[in-house]
Structures are given as structure tokens and as C-alpha cells.
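Below you'll find the structure, written out as C-alpha cells, and then a few comments.
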Amino acid sequence: DCPDGWSSTKSYCYRPFKEKKTWEEAERFCTEQEKEAHLVSMENRLEAVFVDMVMENNFENKIYRSWIGLKIENKGQRSNLEWSDGSSISYENLYEPYMEKCFLMDHQSGLPKWHTADCEEKNVFMCKFQLPR
């Protein structure tokens, strides 16, 4: 089972945090909460819907943007999209074009789109970790 304050679905635990942080601060904060925790990643549309629902329930629908664990990592000439927890990018809900390196969920309408934002911007966020098997 997930620790107190965390929501679960399948084998993962999720928890939104209301304190606004930069992307790096939020990622570091997640890793300090639970072993193996990171900013939230989403592997499919169903998980994205669940994440949005948990965020909206916790923020009484007054939330517009929240950090997710997606980031553009520059590797020499190539730029790679990577989840901070290392999970594969099997599902994307990107709103192009992207100008910045860090991604957030824009919760304004329907299924939230993922936008890039200045990594130094401070936003609320959600952490996620996988339960040991």
C-alpha cells in the first residue's frame, strides 16, 4: 500500500504538493519524499486522466499549471525528451512548439496539454513512485 497522503493506481503511488518550486527543486523534493520517487511521469492516456483528476481534487479545480517529470536533455547535437524517472516515452500529449526545456501540464480544458516552461518558473507539482513488487 501507498504511504499516508499518497493516492494509488495499479502499482504506483502519487502525491500532489501545493508548495510552488522550480522544476529542479520539485524533482529534488520528490526524491527526498520516498525512495525512487520522482516528478510524475505518464505512460498512457488513462494515467494522464488519473493524474489530472488527483490534481484537480486536491486543488479544488483552481490549478492551471503543474510540473511533470518530462524534460529536454541536450546530448551533443541531439535533444532527447526524457522522463526524470527513466520510464519510456510511450505516450505524448505535447503542445508544440516547445521553446523551453521543462514540461508542465496545463489543466485549463479537457485533457491537459503538456507545455514547456522556463525551468526556473515556480509551479505546484506531483511526485510518483512505484511500489516494490
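For all residues, glycine too, the Cβ spot is worked out from N, Cα and C.
Annotated features in Swiss-Prot:
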type: DOMAIN; residues: 1-129; note: domain 'C-type lectin'
type: DISULFID; residues: C2-C13; note: disulfide bond
type: DISULFID; residues: C30-C127; note: disulfide bond
type: DISULFID; residues: C102-C119; note: disulfide bond
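The average pLDDT computed for the domain 'C-type lectin' (1-129) is 86.
Straight-line distance linking the Cα atoms of C102 (disulfide bond) and C13 (disulfide bond), rounded to a whole number, equals 22 Å. C127 (disulfide bond) has its Cα within 10 Å of the Cα of these disulfide-bonded residues: C13, taken from C2, C13, C119. With a 10 A radius on its CB, C127 (disulfide bond) counts 25 other CB atoms from all the protein chains.
Taking the Cα of C30 (disulfide bond) as the reference point, the closest of the disulfide-bonded residues C2, C13, C119 is C13.
The Cβ of C13 (disulfide bond) has C2, P3, W6, S7, E34, K128, F129, Q130, L131 as same-chain neighbours under 8 Å, each 6 or more residues away in sequence.
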